[in-house]
Amino acid sequence: MKRWKTKTALGVLFCLGSAVSATTIASDAKSDGKVVPGVGNKQQTHYTQDILANPKVSENLMEKSRGVKTLQDYIVQEQELFDFLFENHPVFKYDAEGRLKGTYKVSDRGEEYLHGGDSVAYSKHSKEVNSTDGTAVRYSAYEDGQRPKALQYRLGAKSILDFPNKFVGPEKCGECHGPQYEKWRRSRHSKTIRFPGEHPEVDNDLKKPMYTTKDTSILPSGITPDAIYATVGTPRTKYGFIDAYLVRGTYHVKDGLLKDGTGTMVAGGNQFSRGWAEWLTPEMAAKINKAIPSFPLKMEDFGTSGSHQWGMSSYGAKYEKEFLFQPASSYCEMCHSFKFDFQTKEEFFAALGNPKELQKHTISKGITCEECHGAGGHLDGGIGGGMPSNCERCHQRFNFVEELAETPQGQEKLEYAFNVKMKSSCPSCGTEGSQMFASAHYDKGMRCSTCHDPHEVTDGDWKSGITKPKIIKECTDCHTAQAEIAKNTNTHSNQTCQSCHMPNMGSCENFTAIQFPDMAGFDNVRKSHMWKIDVDPLRKTLNPPEGKSRDATTKGWTVAKDENGYNYLDLMWTCARTSASDHDVTENKGCHSQFQSELEVGLHFEDQMEIYGEVQKWQKPVKDLFGQVLQGLQRIDKLLEVTQLPVDKKTEVLMLTDKAQDVIKLVEADGSWGAHGPRYTQKRLDAALTYVQQAQAIIDGNGYNAKM
């Protein structure tokens, strides 16, 4: 028997589009006196409703007319699922019975695609205009500057709502592509979605207390393995869950069990955080609090980011205040993908609420072969054969910054306003590509697969808490001048290029309570992909809107760009970050973090100005020497134009100046002004200066003016 009511025919909705206007829906949830669809009421968001309310919506849906599913088709596709969930999901039963603590906020594809990344502002600024006559190019039924766009995500070719699909599963690919399959199988990509019973790190006990916590486990309070479809994540950073209705777990249950529908459903307290549970112990929190008095010390200090358990954060939620009601089709599946072998949507709906049935019909889970190569890949009958998707689908999440669009650079090229998707004050997970987009490396053609093997993305044990990707090309393969200097230094001889140029900066958890970007911590578990270090005493990588508080709760933080439009790293993140998951920190005595460093106290850096002073001790002598050598070479070059020397002496002068010029070229190509190897760089420049002085002495002692 069907447990859901079918949606009113879509054609009827098109005719009645104006009737579902966001301002006419009755609800108790209001904002500025207006109803807010989906906030405490069983309605989809106004972003989706606006799509449906457009009188010309049928002109924008390509699937029926062209056989191709485009952005708005994906958004409309979710309607029937939401009808089912509004009628059947436990959230609404708890709410109806007064056993819900916190307000649910519906989040659908309309919100995620059209609102995420401030895509609305992008749509407004993106004017499709014919340059010859000034008229708008009409390839959609929207007015110029109003056409919906998605900036935060790239759509996958197929969704969990597409039935039937042609997915065959990674094991089928592995029958012929053994090397690629084995590499993938041991990577974290293969572990992003796991069923209960697939967790060796806790002996398959999802309620086992983790690390030194009293009772904090992978699954939150009131959530049992038999009530979920899968967990999301690995021991590297965090664990979340997807419930039996394929809805993101943004809640926990107090004094009861979700599977029984007992107790009280509470917003947040839903995501296990390894960094908090294992490293950020009460003792470490107290240590940080001494230096940063506003750092959370007690459970209540974590505010809406925290919960009732040490190590269990609130993600996609504000503890006891509000939480997203968000199906996996709206969010999770974009990057933490899975697919079913159901042949019809009726089979799919009949299985919702029954996790065992959903698991039985799962044909693919994790970032599998077919997510990039297409369903069925190159096989006869498949729809792949090329690369329907790539890394950037999940790793190039942008955020549109309107202020940047209004700059001269943004007026010339609108993509200048494409900034990095943020989680509060830190770059979000999945922004490696959007960080790289604003870099000289990207402009030169570097892409993810330049350095990474997409099949083997994890180096070492996937159960480790350290972020260490597998690399197929090292920085020094291209940066030979830097390699030459770095191999001759003792200062950072055990460090890699990434130690300074790719600090852990990104947030997976949006753990706002522990984000202190000016102190380069502490919710930073993903490596940055900016590379360029800005040696400046004041300029910061991460900034709120001008004139606003630098508190992490301030809205609108962005990644700074330099005069060339490139992102850059400030000295605090480069030298003194604090990160328990950054192997370049943990394997090198904590670098210069005042909270992790094992170096002498004088090398524990507390602020950017202090670091700048230390760097200047390296760079100033190098720059001074460089200037002397360059000036000497220029003087000799001019003298040789007017001075005649014996052949043997001229040869000697030219050989000496060539050797000095080689040093100049090396230092210029290196570009660090001694930071990569201060003693060695200064030693080479000392030698170059000697060459110049010797050449000058030869001219002074043997030459005469050719014009005399």
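Including glycine, each Cβ sits where the backbone N, Cα and C put it.
Here the structure is a predicted model, which means the values were calculated and not measured.
Summary of the site annotation: Swiss-Prot records heme c 5 binding at C448, C451, H452. Screening the candidates H336, H361, H529, H583 against this entry identifies H529 as the one listed for that site.
Together with C173, C176, H177, Swiss-Prot lists one candidate of H378, H395, H441 for binding heme c 1, that being H378. Heme c 7 is bound by C497, C500, H501 in Swiss-Prot, and the record lists one more residue there from H308, H373, H676, which is H676.
Within H189, H199, H592, the residue that Swiss-Prot lists together with C391, C394, H395 for binding heme c 4 is H189. Around C173 (heme c 1 binding site), a 10 Å sphere centred on its CB holds 22 further CB atoms from the protein chains shown. In sequence order, T476, D477, Q482, C497, W531 are the residues of the same chain, not among H441, C475, C478, H479, whose CB sits within 8 A of the CB centroid for the heme c 6 site. The shortest Cα-Cα distance between H177 (heme c 1 binding site) and any of the binding-site residues K238, R397, C448, H455, C475 is the one to H455. Summarising the environment of C335 (heme c 2 binding site), the number of other Cβ atoms within 10 Å of its Cβ, over all protein chains shown, is 18. For the pair C391 (heme c 4 binding site) and H455 (heme c 3 binding site), the C-alpha distance works out to 11 angstrom. Excluding the listed site residues C369, C372, H373, H455, the same chain places C173, Q180, W184, T368, E370, E371, G377, P454 with Cβ atoms within 8 Å of the centre of the heme c 3 site Cβ atoms.
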